[in-house]
Amino acid sequence: NDTSYIGSVVGRVANRIGGAQFTLNGVHYKLIPNEGKNMLHGGPVGFSDVVWKVNKYKKDGYAPSIVFAYDSYDGEEGFPGALRVTVTYTLYPGNRLTVRMKAKALNKATPVNLAQHTYWNLGNHNSGDILSEQVQIFASHYTPVDSQLIPTGKFATVKGTPYDFLKPHTVGSRINKLENGYDINYVIDGVDGKLKKAAVVKDKKSGRVMELFTNQAGVQFYTANFLKDVRGKGGYVYESHGALCLETQAFPDSVNHPNFPSVIVYPGKEYKHVMVFKFSISS
């Protein structure tokens, strides 16, 4: 019954596709809209709403891990081609969680942009809002959006805007300058397919710190603006700004913006998305 994608893998294409349509190799594809006329996180039955198989499971040892797999069929939610997907979660010493996402197009070219939609509250899940948590995002630019949160296709500097987290700021320090809160894609500085630091979150009260690394070009910063009356662990009810998301990804609506890096995966090629969450305590 979850409508907030809590903890989900989202796809086949995470984030939004304007008009729920795109053209690829001369063929026009109409997708199934689920946010007005647009598609969000793969449609009404995206990867967050299907049953995944467990391919492997390693409970003990140096790096416990679990591998989930899903075969997406040709035409699912309107997308072309069959797609084989695996997501591997591995716990490494030093409080590191690595998530590796892979996808292979089996018979047709298709857009792929997977994301991990975890909601974080470093104070604790029942500690209230995240407005006092300190965030740093290593991105000098972001992709502006229209009133429906669809990218305009332009790039804008964060300088002089509430989106500037190049230096650490609390989430709440400028959130009142935005209509609902943060829900925007950042262009991570210097990403070239290699692992780079994308963001750092600190909770001063608990001392907990989370560092996020990724090989993707973008990260969606979302402050749970639309979370409302969601009953969670121990019956605690989660509300707006009760958590934050940092979803590493390709840019939203890339299929309709030729100037954005391509998200098309061709047969014989493999999509690879890596993220590392590193946890520590600051004094």
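Placed from the backbone N, Cα and C atoms, the Cβ positions cover glycine too.
The following features are taken from TrEMBL:
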type	residues	note
ACT_SITE	His117	active site, proton donor
ACT_SITE	Glu247	active site, proton acceptor
BINDING	Asn15, Arg16, His117, Thr118, Tyr119, Asp183	beta-D-galactose binding site
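Taking the features listed in TrEMBL, we show where each one sits on the structure.
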{"residue": "Asn15", "record": "beta-D-galactose binding site", "Cβ contacts under 8 Å, 6 or more apart": "Leu40, His41, Asn113, Ala115, Asn185, Gln220, Glu247, Gln249, Pro252, Asp253"}
{"residue": "Arg16", "record": "beta-D-galactose binding site", "Cβ contacts under 8 Å, 6 or more apart": "Glu35, Asn38, Met39, Leu40, Gln148, Leu149, Ile150, Pro252, Asp253"}
{"residue": "His117", "record": "active site, proton donor", "Cβ contacts under 8 Å, 6 or more apart": "Tyr5, Ile6, Gly7, Ser8, Val9, Val10, Ala14, His41, Ser48, Cys245, Glu247"}
{"residue": "Thr118", "record": "beta-D-galactose binding site", "Cβ contacts under 8 Å, 6 or more apart": "Ile6, Gly7, Cys245"}
{"residue": "Tyr119", "record": "beta-D-galactose binding site", "Cβ contacts under 8 Å, 6 or more apart": "Ser4, Ile6, Gly7, Ala224, Leu227, Tyr238, Gly242, Ala243, Leu244, Cys245"}
{"residue": "Asp183", "record": "beta-D-galactose binding site", "Cβ contacts under 8 Å, 6 or more apart": "Leu149, Gln220, Phe221, Tyr222, Thr223, Asn225"}
TODO: Count the Cβ atoms, other than its own, that fall within 10 Å of the Cβ of Glu247 (active site, proton acceptor), considering every protein chain shown.
DONE: 24
